[in-house]
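Q: Before I ask anything, let me first share the structure, which is written out below as structure tokens.
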Amino acid sequence: MARTKQTARKSTGGKAPRKQLATKAARKTPATGGVKKPHRYRPGTVALREIRKYQKSTELLIRKLPFQRLVREIAQDFKTDLRFQSQAVLALQEAAEAYLVGLFEDTNLCAIHAKRVTIMPKDIQLARRIRGERA
């Protein structure tokens, strides 16, 4: 690790910094055998990048086959041996994803209204109640 010049800082009256007693050789890992630790982004950076990525895109985010299995499983409760056109399943998936995106937008607004940045189940419940979906 390269040494950098320290800039003077105004004292805030706390404890004085401890003196470094370890020698330079003991502190530094050997240049040839040192293992470089992987680069990590600061918390939130990757999340914001993902938000921008998914807001730009229009592709479906739920995998097609698991969604199709879910649709068939739910349809079994109403009538057995139902068949679906592939376009019908895609239309259902498009509608389901649009509904979920809208619900999460409203949920986020509920969390922000409560002066939080983390969404919670109570935010989803409030959003659905305001929408009139759940009395």
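Backbone N, Cα and C atoms are what each Cβ position is placed from, and that goes for glycine too.
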Q: Would you mind telling me which one of K15, K53 Swiss-Prot calls N6-acetyllysine?
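A: Annotated as N6-acetyllysine in Swiss-Prot: K15.
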Q: According to Swiss-Prot, N6-acetyllysine sits on which of K28, K56?
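A: Of K28, K56, Swiss-Prot lists K28 as: N6-acetyllysine.
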Q: Which residues in the same chain, at least 6 apart in sequence, have a Cβ under 8 Å from the Cβ of K37 (N6-methyllysine)?
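A: Expected: none.
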